[in-house]
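Structure first, then comments.
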Amino acid sequence: MSHFKSAEEAAAAGKYVRTVRSFVKREGRLTKGQAAAIERLWPTVGLTLENGRLDLAMVFGREAPVTLEIGFGMGHSLVEMAANAPERDFIGIEVHEPGVGACLMAAEEAGVENFRVFHEDAVEVLKQCIPDNSLNCVQIFFPDPWHKKRHHKRRIVQPEFVKLLIQKIETGGVIHLATDWENYAEHMLEVLNDEPRLTNLSSSGDYVPRPENRPKTKFERRGEGKGHGVWDLQFKTNKSATLLG
C-alpha cells in the first residue's frame, strides 16, 4: 500500500501510484458501419492524448464556447446538441469504441462538424489535453452509478474530479450532471454543494428541471414510462470564491 496521499504527491517524489478508474475500458465489437465511420472520419474529428495540450481555437478553426461531454455513450446527446447549437463547439470523450463509431455515423448523417472526440480516459484527457479555463460547460449524462456500496469509490463524480473540472472551466461556466439513480443524484449533490467555487443553479437548492437543450434518450423515456425518476444538476463556477481548508 502506498504512503502517498495522492497521485500528484507520488509523482512529485518520482513514484507512480495506480489511481482508481471510474470505468472499465471495453472495446466491444464494431459493426461494419461503425468501423467504416471511424476509418473515414477519425482523421478529421479524432483526438488523442498524443495531441498534448490543445489550442481549441486551432482545433475548431474559430473562437467559440466549448462544451465537453464525458461518457457520451452512443453519441446521441452529443450529436443532437451540436446540431442544435452550431454557434458552439463540442468535445466528447468515450471509452467504448462502438460508441465512438456510432457517434461518428450519427454525426455524418446529421451533417454535424462542430465536434471532436476522444477515445480515452477522461481524467487523462483533462489533465493532458484540455487547457485551464477553456471550457464553457462540462456535461456528464447518466454515468455508471456503480450501485454496489463497495464500488462507490469508482463513481466519476468525486471531490478531486470536481476540482479538476473547475480548473478547466472558465469562471461562470457550468457543470451539468444527470442520473436516473437517486442515490447517485444525492451523492452528486453533496459533492458539488461541498465545493465553495460552485453555485447551485436550482431555485430549490437541489435539482433543476431537465433543460430543453438536453435531449431525452430512449432509455430515459422508457424509464419515465415505468415511473423512474431522472435528476439533473447544474452548478456555475465562481472561482473568486475562497477555498476552505
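Each Cβ is built from the backbone N, Cα and C atoms, and glycine gets one as well.
Substrate binds Lys148, Thr217, Lys218, Phe219, Glu220 as Swiss-Prot records it, and from the list Asp55, Asp89, Asp180 the residue named for this site is Asp180. The Cβ of Thr217 (substrate binding site) lies under 8 Å from the Cβ of Gly73, His76, Ser77, Phe141, Phe142, each of these being in the same chain and 6 or more residues away along the sequence.
Using CA atoms as reference points, the binding-site residues Asp121, Asp180, Lys218, Phe219, Glu220 were checked against Asp144 (active site), and the closest is Asp180. According to DSSP, Asp180 (substrate binding site) sits in a coil region rather than a helix or strand. For the pair Lys148 (substrate binding site) and Asp121 (S-adenosyl-L-methionine binding site), the C-alpha distance works out to 22 angstrom. A simple way to gauge crowding: the CB of Lys148 (substrate binding site) has 8 other CB atoms within 10 angstroms, across all the protein chains here.
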